[in-house]
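Heads up, the thing below is written out as structure tokens.
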């Protein structure tokens with residue numbers, strides 16, 4: 001075999017082995033992003049809500065700093081309840097991974113009847129959070145808080 005071909009083949013194999021250790025992307029968070037965009041046109045959920053307050057994004061500590069942060073806390077609690085459901089306990093059915101179906105028309109979101117028990121539960125968590133987000137003011141001063149001092 002040509003040494004150049006062998007080098008390319010080796011690089012491809014190493015790349016594939018490396019890619020196999022990359023965890024799957026959270027599919028549900030992408031759906032949740034679309035849900036929010038559907039009901040809050042012009043929003044940028046990943047940018048706007050990631051690292052907001054004490055509960056939006058990866059934070060889960062302390063007291064919510066405002067109404068929007070309380071929405072995220074409630075959403076986190078709903079996901080925790082979903083994980084306690086037997087049908088949602090596996091990795092593929094976890095709240096961050098489980099895909100579900102929904103429709104959005106004129107800003108109204110409906111979780112579809114074809115969802116299984118776990119999908120329906122998670123869809124309703126996301127739907128309730130989306131409704132909460134739509135009614136909560138966004139305070140720029142609560143974006144990228146110093147969690148160590150503000151979220152005790």
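Yeah, the Cβs are placed from backbone N, Cα and C, and that goes for glycine too.
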Item to check | Annotated companion of 55, 57, 59 at the Ca(2+) site, Swiss-Prot, chosen from 48, 76, 113 | outcome: 76
Checklist outcome for this item: The number of other Cβ atoms within 10 Å of the Cβ of residue 75 (active site), counted over all protein chains shown, is 22
Next on the checklist: In the three-state scheme derived from DSSP, which category covers residue 57 (Ca(2+) binding site)?
Outcome noted: coil
Checklist entry - In the same chain, outside 55, 57, 59, 76, whose C-beta lies within 8 angstroms of the Cβ mean position for the Ca(2+) site? => result 53, 54, 56, 58, 60, 69, 72, 73
